[in-house]
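Now, the feature entries from TrEMBL:
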type	residues	note
ACT_SITE	H528	active site, proton donor
ACT_SITE	H572	active site, proton acceptor
BINDING	T118, V263	FAD binding site
DOMAIN	305-319	domain 'Glucose-methanol-choline oxidoreductase N-terminal'
Amino acid sequence: MLLPVFCFSLAIGLGTRYAEAAVISTLDDFVDKSLDFVVIGAGAGGGVIANRLTENPNVSVLLIEAGGSNEGVLDVAAPGLQNFLLNSAWDWNFTSTPQIALNNRTLAVPRGFILGGTTSINQMIYTRGSSEDYDLWANITDDEGWSWDNLQKYIRKNEQFTPPVDHHNTTGQFDPNVHSFDGIVSVSLQGFPNGIDNRTIQTTSELSEEFPFNLDMNSGFQLGIGWVQATIGDGTRSSSATSYLGPSFISRPNLYVLLNTRVLRVLKTDHDHQQSDFRSVEFTQDAGVTTHTITASKELVIAAGTFMTPHILMHSGIGDSEGLKSLGIQTVHHLPSVGKNLTEQPIVRNKWLVNSTDTLETIARNDTLLAEVTEEWERRRMGPIVDPPLSFIGWLRLPENSSIFQQVPDPAAGPNTSHYELIITNGALSHPAPATGNFLTFSTSPSSPTSRGTISLNSSNPLEYPLIDFNFFSTAFDRFVVREAYRNTKKFLAAQSWDGYILAPPTNATTDDELDEYISQNAADQHHPVGTAAMSSKSATYGVVDPDLRVKGLVGLRIVDASVFPRLPAAHTQVPTYIVAERAADLIKDFWGI
């Protein structure tokens, strides 16, 4: 099925300049053309690449997105309605394989099925990670370009720090010296106060040794507890779709955007000569009834994400030959690391019953009140849904003498990188809401997890979803750190600041065995998957891409998304993906002299 007209008519012209370009409404006379670049996926990676390459009016780019437009989707635009996007039409609605360590439960795995990709449905949290994370990337890849210091210009190009929507005094809530005010993606602090703010800040003073206040976790030094920064501007989500693909960019005459289009495979471009040349892409708009192929004259860039990038590669015959052979897929390039090294954070969302009605559950279970706060947001961009559903984040370490370090080495990137994350939320705005009770959600997860999973194929049909196996808690460290993080949460909430506020804990478990069972029953995925097409040094015999993000052993094929992370930074992953993509755009420009 062909797409409806979005907002501009399309007139194809493949000379130096282009008559008009926009979201494509027809494939007629188009798929036989060759553009300079074809980009697969319009999330954090693909949006950046499409934007930066088309800064040059002589460079043409086709951007292919599996989902539809973000225009007019209320739950996407209003930050506080984020939970309503999960398991919606804007979500790929992936599920994991049964997780052995989680009592064989399968997990919902949200990913954005919409222009902007997961930046259009995520919790919008702006975290870069520690400086040590990126210095370790540089060490792994033998490329100093990935170090913290050398990435600063790309961090600045990405970020546009803006005042919170309520324009309160932000002194003491962030450090302006480590931020950019003239980038592309809007970033701001909380725009609506809530009842746990003072209690949380008071605790960082009362228990300053164990839970210190961090003025700005995005300075490169992340340890401590601080105010959440989020990709929001004027009370509205700032995604790849609204920033890098915003109106002034998506209307460029040399940028074409094709929505509702599933990429099936990437293909060899010249079967008679260069056997390693992959610049062609096969796609469908009607669930495979008809397929089309288009070729980039310069490069094909895959930015389909940690799940779909290896999925596309393997269906193209690029991957481990034994695994492909078992499904009847002919191997065209043996690359065993494709789909391996899947890294994700398990998270336990601990809900403490509280003595308050000032939490998001009060809104969630009252349709009239929800309608009122939504109307306030639509009319004035004010009220409780101008913010993401969390207020504070803590990045903390285990004590150096923890017993686990007698069994395993410290997996963090360095001594100033966290072992676990605390996410502090004033209840939850989602359906179905709990019938009774108001809650403080204190989520815990390892920020330097050591378990590794895989992405594999379910069949030889590229329209079938991949098999996602996180292999959670397959190492002793991950379970140990989540267990200890919960115990430290209890210490945090035992501070005088919370006297009279906490009514009941989420569990009465105290022993290791009891806590392990609680974790197995309640852990989920934190929606930060990375690493399935990881970069390594040019000389390494493992990995999928080199430090310039080119697929090893192939020509014309590059990957720019979170799948290339060699390891998970101690961060929510949208910002690291933006940073990678900004550098990737310069790598591509330098290579082609554009």
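Backbone N, Cα and C atoms are what each Cβ position is placed from, and that goes for glycine too.
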Within 10 Å of the residue listed as 'active site, proton acceptor' by C-alpha distance: pick out those among the recorded positions T118, V263, H528, and say none if nothing qualifies.
H528
Rounded distance in angstrom between the Cα atoms of H528 (active site, proton donor) and T118 (FAD binding site):
10
Set of same-chain residues at least 6 away whose C-beta sits under 8 angstroms from T118 (FAD binding site):
G43, A44, P110, R111, G112, G305, H527, Q574
Nonlocal neighbours by CB distance (under 8 Å) for V263 (FAD binding site), same chain, sequence gap 6 or more:
I40, I64, A66, V281, E282, F283, A304, I312
Restricting to the domain 'Glucose-methanol-choline oxidoreductase N-terminal' (305-319), report the mean pLDDT as a whole number.
98
Could you tally the C-beta atoms, other than its own, that fall within 10 angstroms of the C-beta of the residue listed as 'active site, proton acceptor'?
26
